[in-house]
Ligand code: AMP
């Protein structure tokens with residue numbers, strides 16, 4: 001690991017953070033970290049492995065370029081992401097320990113997910129076995145239950161937003177589209193096309209049940225290797241979503257088909273709840289130690 005002593009002046013942080021030792025720290029700066037391997041590039045910046053010098057605690061440091069955030073008009077989105085993610089504490093949600101900034105960059109101090117992207121893993125093996133998929137879906141459903149109980153809707157559950165830790169536990173990593181939903185329902189069109197629920201495609205109001213739809217699409221993609229409403233054009237995908245044109249290859253078990261069909265329901269009130277999901281035979285039989 002090389003150290004970064006040549007850091008920028010005017011580094012600031014505004015959050016009070018707990019370090020791994022439980023010690024509170026109110027002002028992080030780049031000099032507090034040794035920067036290690038490059039982990040990857042996202043839409044708005046780079047991510048590096050880093051170690052907090054005092055505690056030796058390993059984290060992932062996401063470096064965002066302020067100018068780019070401004071140019072792309074996503075400052076508000078990043079602020080919301082930080083505000084929401086930093087308050088969530090769940091085994092299946094990537095921790096955001098804190099943030100700081102200098103003149104040019106914003107730095108997010110994130111939990112390090114040693115297993116990398118779930119998306120890459122799915123690409124490599126094409127599809128997951130049913131027990132493996134059930135374990136991931138159970139972890140995600142638990143994380144979503146935790147979010148919904150706190151009036152947070154994620155709205156963008158898809159393989160690209162999921163990371164894995166060293167135990168192969170799945171972590172929701174991106175809260176860029178999440179919203180607090182105390183009583184209001186939001187109608188913004190967001191998320192990847194293949195994962196959009198009918199109510200969002202049709203521009204209707206939506207609530208936390210959008211995450212149940214996305215969980216159904218994700219479960220299908222885990223088992224089949226591609227999302228259920230994939231089509232050559234956007235219009236065709238939208239039509240398939242609106243018609244809930246759902247077909248299963250024969251290798252998908254009857255129980256898995258049943259679970260997915262109960263999540264991919266057009267009437268949001270009839271969609272299977274997360275509590276019902278935990279009791280579904282496909283989850284119970286494939287993931288007994290949930
Ligand atoms: P992102 O900007 O969040 O899309 O991140 C870009 C890439 O960096 C991802 O695709 C991952 O490969 C990697 N990455 C991001 N966050 C982490 C993390 N907390 N732990 C490990 N790798 C990460």
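Glycine residues also receive a Cβ, built from the backbone N, Cα and C atoms like all the rest.
TrEMBL does not curate its annotations; it predicts them automatically.
The ATP site recorded in TrEMBL comprises 62, 111, 112, 113, 160, 161, 174 together with one of 29, 43, 239, namely 43. Binding of ATP is attributed in the record to 43, 62, 111, 112, 113, 160, 161, 174, and the widest Cα separation among these residues amounts to 19 Å. Ligand 1 lies under 6 Å from the Cβ of the following recorded positions, listed in sequence order from 112, 113, 156, 158, 160: 112, 113. The Cβ neighbour count for residue 174 (ATP binding site), using a 10 Å radius and every protein chain shown, is 19. Here the recorded positions are 111, 156, 160, and the one ringed by the most other CB atoms within 10 angstroms is 156.
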